[in-house]
Amino acid sequence: VEGSLVQFETMIMKLAKRSGFFWYSFYGCYCGWGGHGLPQDPTDRCCFVHDCCYGKVTNCNPKTATYSYTEENDGIVCGGDDPCKKQVCECDRVAAMCFRDNKDTYDSDKYWKLPPQKCQEDPEPC
């Protein structure tokens, strides 16, 4: 794993105070690789919105583009001169804040390693 996926993990640790890999890689219909069906809860919606955000990125690969950011107070400020990399940073920043803001509705008993048949509905548009 390289580029922004490592940076995304770091942001999640900073803002949500938990590992993105361990908490969000296999959650709901959208957290982790791919995504199908309808978001199952607010945390899964964070991942859906993040996937949509990555889908709108042009001129760089959001999974490998390395961006710059600074930590200020308890937040993240995206920087740099490359508009594409800055957009990737913003996608990650918004998702990490979303995870933080929805920790109280996270339900591992219900949505961790959700069977694929639970994610068969037609997806909503981004």
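Backbone N, Cα and C define each Cβ position, glycine as well.
Features as listed in Swiss-Prot:
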type	residues	note
DISULFID	C29-C119	disulfide bond
BINDING	Y30, G32, G34, D51	Ca(2+) binding site
DISULFID	C31-C47	disulfide bond
DISULFID	C46-C98	disulfide bond
ACT_SITE	H50	active site
DISULFID	C52-C126	disulfide bond
DISULFID	C53-C91	disulfide bond
DISULFID	C60-C84	disulfide bond
DISULFID	C78-C89	disulfide bond
ACT_SITE	D92	active site
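Neighbour count (other Cβ atoms within 10 Å of the Cβ, all protein chains): 16 for C52 (disulfide bond). Taking CA atoms as the reference points, C98 (disulfide bond) and C78 (disulfide bond) are 16 Å apart.
The binding-site residues in question are G32, G34, and the one with the fewest Cβ neighbours inside 10 Å is G34. With C84 (disulfide bond) as the anchor, the candidate recorded positions are Y30, G32, G34, D51, D92, and the one with the nearest CA is D92. Cα spacing between C60 (disulfide bond) and H50 (active site): 16 Å, rounded to the nearest whole number. Taking every protein chain shown into account, D51, D92 are the recorded positions, and of these the Cβ with the most other Cβ atoms within 10 Å belongs to D92.
Cβ atoms within 8 Å of the centroid of the Cβ atoms of Y30, G32, G34, D51 (the Ca(2+) site) belong to the same-chain residues C29, C31, W33, G35, H36, C47, F48, site residues excluded. The separation of C46 (disulfide bond) from C31 (disulfide bond), Cα to Cα, is 8 Å. Counting other CB atoms no more than 10 Å from each candidate's CB, the disulfide-bonded residues C46, C47, C78 peak at C46.
When the disulfide-bonded residues C46, C47, C52, C89, C119 are screened for a Cα within 10 A of the Cα of G32 (Ca(2+) binding site), the ones that qualify are C47. Around C89 (disulfide bond), a 10 Å sphere centred on its CB holds 26 further CB atoms from the protein chains shown.
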